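What Swiss-Prot lists as region 'Disordered' is 1-261. Feature annotation from Swiss-Prot assigns compositional bias 'Basic and acidic residues' to 12-38, 78-109, 147-163, 171-211. Annotated coiled coil per Swiss-Prot: 16-46, 192-222, in sequence order. Swiss-Prot lists Ser59, Ser242 with the feature phosphoserine.
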Amino acid sequence: MNILPKKSWHVRNKDNVARVRRDEAQAREEEKERERRVLLAQQEARTEFLRKKARQRNSVPELEAADPGAPSSGPVDLFRELLEERKGVPRGNKEHEEEKRREKERQEKALGILTYLGQSAAEAQTQPPWYQLPPGQKDCCPPGPSPDEKIKNRLDPLKEMQKHLAKKRHSSESRPSREERPQKQRPREPPSLEKLRAERLQREAAERARAEALLARVQGQVSQQGQVEAEETDERRRRYNSQFNPQLARRPRQQNPTPAH
């Protein structure tokens, strides 16, 4: 059972819809009345300004036509003549003042200080933001080199050659000159033939002594152990394999053949 539309606070209720429409109509009427008052005030101000201007224009001939010796019934104005003749009033250059005003307005617009009523932030800027520019105009003036230009520069052999030449020039400039280089030590004089011969004889004598000592050690072991045993060819009678101490390996036990019956 759908009872939601039956609620009094429902937005689609007939009473609420009618109330909203009535409020909208009242708001439109109030807006129209406000605009009418603004227009009426502007019209009255313009009319008053024109009336004052007409009075000032007609007051000068009346003063000239009046007798200067006749006493006036109003208060005495000592500065009337100066104001009428525009004397003593500093006059500025209108063009210069207008130019200064435009320059100040341009600076304030560039800084974002001066914004008019109803003007958005994008309109206040001198140049539209990047997200409002069309695709073609975004890429027309990129801040840096484009990807295609980077690839061309990387694959250009002339650019590569210039880079290597610049490195070579830099290394040659950083390398010290011949005068600044430290003088290398002169190589020693080659040894004489007698010295080389003596060294060779000394090495040969040392090798010969080492070989004789080795042979003497082997012969001494043979004399102590006696005659060297002949190498056994039978696999069953050979000693067990011992990599480090073959003399300590024992023979396998000999098996006596069984007599045949």
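Each residue, glycine too, has its Cβ placed from N, Cα and C.
Taken together, the residues of the coiled coil (192-222) have an average pLDDT of 87. Cβ neighbours within 10 Å of Ser59 (phosphoserine), excluding its own Cβ and spanning all shown chains: 11. Residue counts for the compositional bias 'Basic and acidic residues' (12-38) by DSSP state, with H, G and I taken as helix and E and B as strand, are 25 helix, 0 strand, 2 coil.
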